[in-house]
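Colleague: This is the structure I want to talk about, given as structure tokens.
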């Protein structure tokens, strides 16, 4: 996906990119490739692949969830900033908090935000399980996002404790998500959530399946969740 195709694909979904936004995406790509030589941020470094598999893929969440109606977003395990920083570029009003367990990625994100002139962003080094217990973060966000971090049974325990009651958890998943969602039904209920919708689509060009899963946070998450760091992955809620 070259830049023109990127512009057209977003236009088809009702989003018109400004010159400022286009230059932010260009600089994002340049810094991603530059920093990737020093640290392992991504296996995808070809310009057209980055625009498709990182930028467009991240923004696809906005085709199925209205980010104009929310203010605070927490992105769990964002790595090099996906999906929340492309969403921040598209929706500058968002206040974005990223939690990532690797400190070197936080260093990159701080430099990136500076270079792109992004305000209203905060990057924290640590585990989602720790932040879910912290009163400053627990049930404080309108939306919690995650892309390709873990299976839904695990991901729900990372993310739902951070979403406020009445808020949402938006997961960006690859193919065959229906089995995951069936397995996660009880975990979502235990943690105070319920699946609202799963939107399936094909990534343009390569036509690989993607899914945007939207979960409503209906009730407070019981105090014992999330469990201590490492437990959700080892012993998923079923």
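Heads up, the Cβ atoms here are built off N, Cα and C, so glycines get one too.
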Colleague: Given that Swiss-Prot annotates 77, 82, 128, 129 as S-adenosyl-L-methionine-binding, name the residue from 147, 151 that shares the site.
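Modeller: So the S-adenosyl-L-methionine site in Swiss-Prot includes 77, 82, 128, 129 plus, from the candidates 147, 151, 147.
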Colleague: Including all protein chains displayed, how many Cβ atoms other than that of residue 82 (S-adenosyl-L-methionine binding site) lie within 10 Å of its Cβ?
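Modeller: Taking all protein chains shown, residue 82 (S-adenosyl-L-methionine binding site) has 25 Cβ neighbours within 10 Å.
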Colleague: Rounding to the nearest whole angstrom, report the longest C-alpha distance spanning 77, 82, 128, 129, 147, listed for S-adenosyl-L-methionine.
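Modeller: Max span of the S-adenosyl-L-methionine binding residues, Cα based, is 20 Å.
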Colleague: May I ask you to report the DSSP-based helix, strand or coil state of residue 82 (S-adenosyl-L-methionine binding site)?
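Modeller: Going by the DSSP assignment, residue 82 (S-adenosyl-L-methionine binding site) belongs to neither helix nor strand, so it counts as coil.
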Colleague: I want to check the contact list for residue 128 (S-adenosyl-L-methionine binding site): same chain, sequence separation of six or more, C-beta distance under 8 angstroms. What comes out?
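Modeller: The answer is 76, 77, 99, 158, 159, 162, 226.
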